[in-house]
2 protein chains.
Amino acid sequence: MKTVGLVVEYNPFHNGHLYHLTKSKEQTKADVVIAVMSGSFLQRGEPALVSKWQRTNMALAGGVDILVELPYYYSVQKAQTFAEGAIRILNTLSVDTVCFGSESGDITSFYELHEFMTTHKEEWDNEVKKEMSKGLSYPKAASNAFTTLTNESKPLLSLAEPNNILGFHYVEALHKWSKTMRAETILRTKAQYHDEEIQDTQIASATSIRKALFEHESFDQIRTVLPQTSYEQLLTYGKEFHVFHDWEAYFPLLQYQVLSSSVAKLEQIYECEEGLEYRLKETIKRASSFKEWMHLLKTKRYTWSRLQRLATHVLTQTTKTEMSQLLKDGPLPYIRLLGMSQKGQAYLSSIKKDLDTPLISRLAEAKGFAATHDERISNVYKMALPPEIRAQSLYDEYKQIPIRGH
Amino acid sequence: MKTVGLVVEYNPFHNGHLYHLTKSKEQTKADVVIAVMSGSFLQRGEPALVSKWQRTNMALAGGVDILVELPYYYSVQKAQTFAEGAIRILNTLSVDTVCFGSESGDITSFYELHEFMTTHKEEWDNEVKKEMSKGLSYPKAASNAFTTLTNESKPLLSLAEPNNILGFHYVEALHKWSKTMRAETILRTKAQYHDEEIQDTQIASATSIRKALFEHESFDQIRTVLPQTSYEQLLTYGKEFHVFHDWEAYFPLLQYQVLSSSVAKLEQIYECEEGLEYRLKETIKRASSFKEWMHLLKTKRYTWSRLQRLATHVLTQTTKTEMSQLLKDGPLPYIRLLGMSQKGQAYLSSIKKDLDTPLISRLAEAKGFAATHDERISNVYKMALPPEIRAQSLYDEYKQIPIRGH
């Protein structure tokens, strides 16, 4: 069976995702669609709108055959590490082709850029260092360095576009981790990643959908831009758990954590560098919301996402030592299966005997620190649920089994 | 000027406290009343109902001349350490007589008991050890050991009574820390420490008053058992901050802290002994309230207060290392002044030049780890305030100056 791999967050799964999924399957002539999805916390350092189980239901209804989790230690990371984790998992599951959406739409440009970057590694590194010494954030410095390096040749690819950057790192990770997997890309249409308002009646960005839910509390506004199952799953989650997860729901916990931690303890948190622990302490006292705090915290030196990821690591108390233990080389500790269709199940049976990594169905099957940390992350995510529901939900996580699609 | 010292929590200041204060002044013929009061968290491991500032107002109106804070590292401790801290502070302020309420009412019995315990120290220690090896809590073991040791002589003092126990430790601390201070005691009348319902129309226990506020939300019920100022301060606090502090208000933070902390981190918390870190983790997932959690956590081995104090240290992330730094020998880092009358101010001026410990008026004047920890404790206490009020209140703590009475 021919397989296509997708790297997704589905926050939530909308018509744009459905389009990408369908196109990817067509273009690669795949029989089986395998998606690796960020779990509770996402690449930009935010909690997922609804739990991974609701998002798994959405994905299965949309045509994904196998859903596995991108664990926290890869999902809440800069693009390069995020991409590495996703590619490692897809490669472990013997995926033939990874297919990502991009602003470019031309896979050749990604391979060429990777080639160019490999051969110009030293100049590139120097250029980035020079730009960063001006006080710029890494992405901004990288983008400037890229412009300088390529301005005499034709610009191979715009690295100012978020999906192009991710795509570049997928190709880079392929070279590092896989001998056989290939990359393809689909041109992203219409809704841009950062669109804040719903512009179209069919396709809208996930950002604008979340905004419609939080700010306008409008289910009507999002009905037309979501597949039926996504719409229903959102409705169900809201009714059952009385919450959609955003940073504001966690702000009291975060504020409490920063205020009650010693400076020495904050300094041990992953991504807490260059004295940021003092800045965290000083600014959090003055904020009465997450948004307000981020505005107090932000400097030119760090991107919004970088600071949100730091906030996530503070919230989950993930330390530098823990992260290096989780990211250490060697085989992945396990892959957690979230859902599968009948076809997906057949595929997994066929590759099972060659798998060098445990594929687990329940958290209780997992062992070691990765499992302990995994449970911690789920537990912290559930702190946004109302207290009377929380205890039951904390318990359920342990016995939750993968969702079966058709 | 003759001074009497009181060790208080005033949670809240009620007619029973007023009676004790007036009687203490009469009996000792003191001109100046100096009280050392637990700040944000109390000896039984609970948050104070309202902030120390409101309780300072109540105390000044009740006739206290000088109010200073018993810092967290002494206030959230077993009776012995609590008493040591209080006596050290009163002694530093050159108090002549400490006067405490007791179920006994006879100061001679306290001195005699102390004498007896000093001369029977070894037998006593062995007896306590024997009782504890049966799995009993320290207070229960101590009480049994005491009965065994004294059952042939006349029982000097019942150590089953909470205020007698505290009294005993005051006398013990006097012997250790002061050359000049004496102890006296006032017989406690009517309301018992543990009374849960208001029994009398004038005198009620603080426990029953808090219960009336939390469970019956009744201001009418408490009006007659509180001095006017106490009643008004409670009313004002409720109106301004929309909360009275009890453990339930902090339970989400505590649950989050236990869930997000590694077992290794919990083990570093002060008073987390004998594998309690695993028990904390295992039980907190199943609880949806603090009360429910305490019932899951409780064993014969630990008293309710001991476990509540542990919960407080988890909430404030106070580690064993930090506590031993705070409790280290040598002079107290500082004494924080909370309020004073004109007479109190005159007294302080008269002793100022002989003080070997800084007497600070604002947190900003304090230095070193004690000050950092002090601020942490205030900040954590304020996490129960509504978010829109919290930021302002966090800021205010720094510039808050002592309250002036008449």
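Cβ atoms are placed via backbone N, Cα and C, with glycine included.
What you see is a predicted model, and the numbers here were worked out from it, not measured in a lab.
Some features that TrEMBL has for this protein:
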BINDING   A:7-20, A:Gly101, A:Asn163, A:Arg188  ATP binding site
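Sequence features, as recorded in TrEMBL, placed on the structure.
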residue  : record           : CB count, 10 Å
A:Val7   : ATP binding site : 24
A:Tyr10  : ATP binding site : 27
A:Phe13  : ATP binding site : 30
A:Gly16  : ATP binding site : 23
A:Tyr19  : ATP binding site : 17
A:Asn163 : ATP binding site : 19
Conformational class of A:Phe13 (ATP binding site) under the three-state DSSP mapping: coil
